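Worksheet for the structure shown next.
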Amino acid sequence: MKLPGQGDFESSDAHENAHSEEPDSGLGPGPGLNGPSGIDIGESQVSKDPLLFIQLNELLGWPQALEWRETGRWLLFEEKLDMGAGRWSAPHVPTLELPSLQKLRSLLAEGIVLLDCQAQSLLELVEQVVSGESLSPELRGQLQALLLQRPQHHIQTMGIRPCRESNAFRKASRDEDAPLKHQNPLRQKLPAGAEAAAVLAGELGFLEQPLGAFVRLRNPIVLEPLTEMILPSRFFCLLLGPPTLGRSYHEMGRAAAVLLSDPQFQWSVRRASHLPDLLAALDAFLQEVTALPPGRWDRTARIPPPKYLPSQHKRFPSKLQEVTSLSRQSAALAEDKHHHGPHTPIPELQRTGRLFGGLIQDVRRKACWYTSDFLDALHPQCFSAVFYIYLATVTNAITFGGLLGDATEGAQGVLESFLGTAVAGAAFCLMAGQPLTILSSTGPVLVFERLLFSFSRDYSLDYLPFRLWVGIWVTAFCLALVATEASLLVRYFTRFTEEGFCALISLIFIYDAMGKMLNLIRAYPIQRPGSSAYGCFCQYPGTGGNTSEWTSAKLKDTEDILSVPGLVNASFLPPPECIRQGGHPLGPSCHTVPDIAFFSLLLFFTSFLCAIALKHIKNSRFFPSVVRKVLGDFSSVLAILLGCGLDTFLGLATPKLLVPTEFKPTLSGRGWLVSPFGANPWWLSVAAALPALLLSILIFMDQQITAVILNRAEYRLQKGAGFHLDLFCVAVLMLFTSALGLPWYVSATVISLAHIDSLRRESKACIPGEAPNFLGIREQRLTGLVVFVLTGVSIFLAPVLKFIPMPVLYGIFLYMGVAALSSIQFVKRVQLLLMPRKHQPDMLLLRHVPLSRVHLFTAIQLACLGLLWVVKSTPAAIVFPLMLLGLVAIRKALEWVFSPQELLWLDELMPEEEETIPENRSEPEHLFSGNDSEDSELMYQPKAPEINISVN
């Protein structure tokens, strides 16, 4: 059981509210745009007020030539017009002067307030406002003419040409005939149904008394000249007065615009019936204003927008809070079973009490989505995902195929790895409950294969027939687990277990990537100057020119070398020239290219760093948002292409991707079907049940831990999980691969989560200051299916794939492993061990759990991780599956060390522990109560995840 916002461990890691049901166009409302702005799922069900675009027009040029100029605009945040630069400022949190709010309140209390005005045009609106003022007919006419004067808007183009004043300020009439998208790029980023509000402020010499008016239109109308965007206007505010107060009218205009941009004030004023309601809303705003001491803050500084918006829940009236609290609680419980600890299991984990009942329910749930699983893949983003995952899958197949060939002495190899990956993966994508899962060989299963082969060799057993019976028993055991709905045990896989497993395999992944590079350097050694071990000489036939004389000579420097009869330093005579002249190149480095090792390291780290940089550029300030999105989505693909291009340009003989070119088993003399017994005795088919039991535990733990991670509700998957169906498919494929002598396959967490990461949907357009909204994952079956089909035909793509350097693929593997390890919450707690207390970030966890207890919990996890690594690396690796089960047992034992409240924050609660926590528990109570605790805002925000790329 997790707490809201605990998923990323830091209090700031709760993401903005995003609606998964929004269309992928990105034009749907973002955080705070439905209902009172800033309200999320539960609150938006109570009210759906449209987004309000507020524009401040200021009267400038007194006393010479009066004109209205746009000087500010608001959506979520304020944008000021920098007059000198002729451009809009970056969106920032507005700061107000308290006297301006007080003067605004006084002006509105004594001025004109028209609620539900029936005006149908700007002229009618101005007439109603002016008629309410006690002015002479002449002044009334002047005021009316002034208010009808067309303002000058600043429409910033997307070009790089410097703006002159004549271009920066354009008359609205000049753009009336231009297409809307060319008039204002901001218009494209507003959701459908957005409305406008105009605030007019300034000094007017012929006025003797301040003039204030606030108008709410019953039916919004387009007051075209007043705002830069052609939107129906709902509110109109006028603040004018004699030129005696300096910039006070400008600040009052800003105050009015900020009020209208405030969610709670806007919600209240939309429902106000009389002037007291309007003033009460303003007073409520004043009660929540935070003042900054003048001597501790630069008033000209602009506060950047927060990364994540706080919830507006507790700012609304008590009755609305009660309704939204219930609605929010219901939505929150549905949002993430891990975050909010539901008291009833999710549908996929409800016990039916019938044989294969869970499997039947999974099939029924997934059948209705089957057609859309293919139609939803018709999107350009899926092409990037296919290319990225295909290269990762092919590299993984080659890597594990080579390792498996070494471990089994050629009984299985790269060809079996390709064939098994293609057939098993494609079948799984077609029939699985979670088609986003990518099947692959995994490290723990490879360890078991190595041990099984060693056992067969030591006892002179026929390996493949023995392995066949192990696979048959594993299939039987897994089918029994499916029949008895054993997948319900995943409720006991808390974050403690998941992090231990993911951290272990992440380290294995990083270790293997680095190990492969070290092996490559050994194969292509670095030639250090002056090293006799890497010499290369040209030997000529004749007297004294023989090998014994060369090897026995005491060569201490270049002169000694050149004085040996018949020998010439190869630095002066390359091996090809030596051969042409009748000599013979002699020495260990005659056929070694000295640049291979260093250049391979360059490709390795270039692809690794490029993938990280391009992934992070998606959330940077560089380039337009469309370019950033493309670079982020294609980060790994671009890193691979960059490495290939660099390798091709320099033309060095780096090791390339090797793909089998012949379709036949690696072990000569055997057919594709494995004989049931071979040379083994019959009773071995029964004895195989014992290792099969251990392998079944490993398969179950590996598959279901991956499934739990993949199906976390914060990923906003809409089509549900299929724990029972996935395990059933893996069990059937175990029988198939065992019969053909192919590798065993299970869910590969690293590639599966990389698959999800490549398919994440975000809003395409965001209003200024708003981060892109996480909309969910593009759930479909086609990308995985195409990946595995391409893997199967890769034998015929060898002429193309042979140009991909292996160091580049090792760099991508390192990237996935590092990204996985850095995203695990456990690693962030390990970092606390190295931080002085005063430098530790402000985390919710540290507010509720003593630091010593946090360190103790982290130390226990480190000890478990070290134990798993030792067991994996020793002959005792046969008990590795039991050690994974041991993680669950250790987590259960932690109940004797930590209190339920501490475990609630440090980890998740097991089903039995949830019953020990009362409904009115003190810590999580503020999640739904709407109280005023300092944590409630931070804990209240739902999580839109940065996909955690774990490992396989």
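Backbone N, Cα and C atoms are what each Cβ position is placed from, and that goes for glycine too.
For 1-41, 915-938, the entry in Swiss-Prot reads region 'Disordered'. According to Swiss-Prot, the compositional bias 'Basic and acidic residues' annotation covers 12-22. As annotated by Swiss-Prot, transmembrane segment applies to 385-405, 413-433, 470-490, 501-521, 593-613, 634-654, 681-701, 727-747, 784-804, 807-827, 870-890. The annotation N-linked glycosylation site is assigned in Swiss-Prot to N546, N569, N920, N931, N948.
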Going through 385-405, 413-433, 501-521, 593-613, 727-747 one by one, which has the most CB pairs that fall under 8 Å from the transmembrane segment (870-890)?
501-521
Does the chain bring the transmembrane segment (681-701) near the transmembrane segment (784-804), so that three or more CB pairs sit under 8 Å (pairs 6 or more apart in sequence)?
no
Stretch contact, the transmembrane segment (634-654) with the transmembrane segment (727-747), Cβ-Cβ under 8 Å, 3+ pairs:
no
Report yes or no: does the transmembrane segment (413-433) come within contact of the transmembrane segment (784-804), defined as 3 or more CB pairs under 8 Å with a sequence separation of 6 or more?
yes
Let me spell it out: take the transmembrane segment (784-804), skip the flanking residues so only those 6+ beyond its ends count, and list any with a Cβ under 8 Å from a Cβ in it.
386, 389-391, 393-394, 397, 415, 418-419, 421-423, 425-426, 428-430, 435-438, 640, 644, 647-648, 656-661, 663, 755
Using Cβ atoms and a strict cutoff of less than 8 Å, what residues sit near the transmembrane segment (385-405) while being 6 or more residues removed from its termini?
412-418, 421, 425, 438, 440-441, 446, 449, 512, 516, 634, 636-637, 640, 657-659, 666, 743, 748, 751, 754-755, 758-759, 783-784, 786-788, 790-791, 794, 801, 804, 809, 812-813, 816, 952
Beyond the flanks of the transmembrane segment (593-613) by 6 or more, those residues with Cβ under 8 Å of it:
517, 520-521, 524-527, 635-636, 638-640, 642-643, 646-647, 650, 652-655, 805, 807-812, 814-815, 818-819
Which stretch from 470-490, 501-521, 727-747 shares the most C-beta pairs under 8 Å with the transmembrane segment (807-827)?
501-521
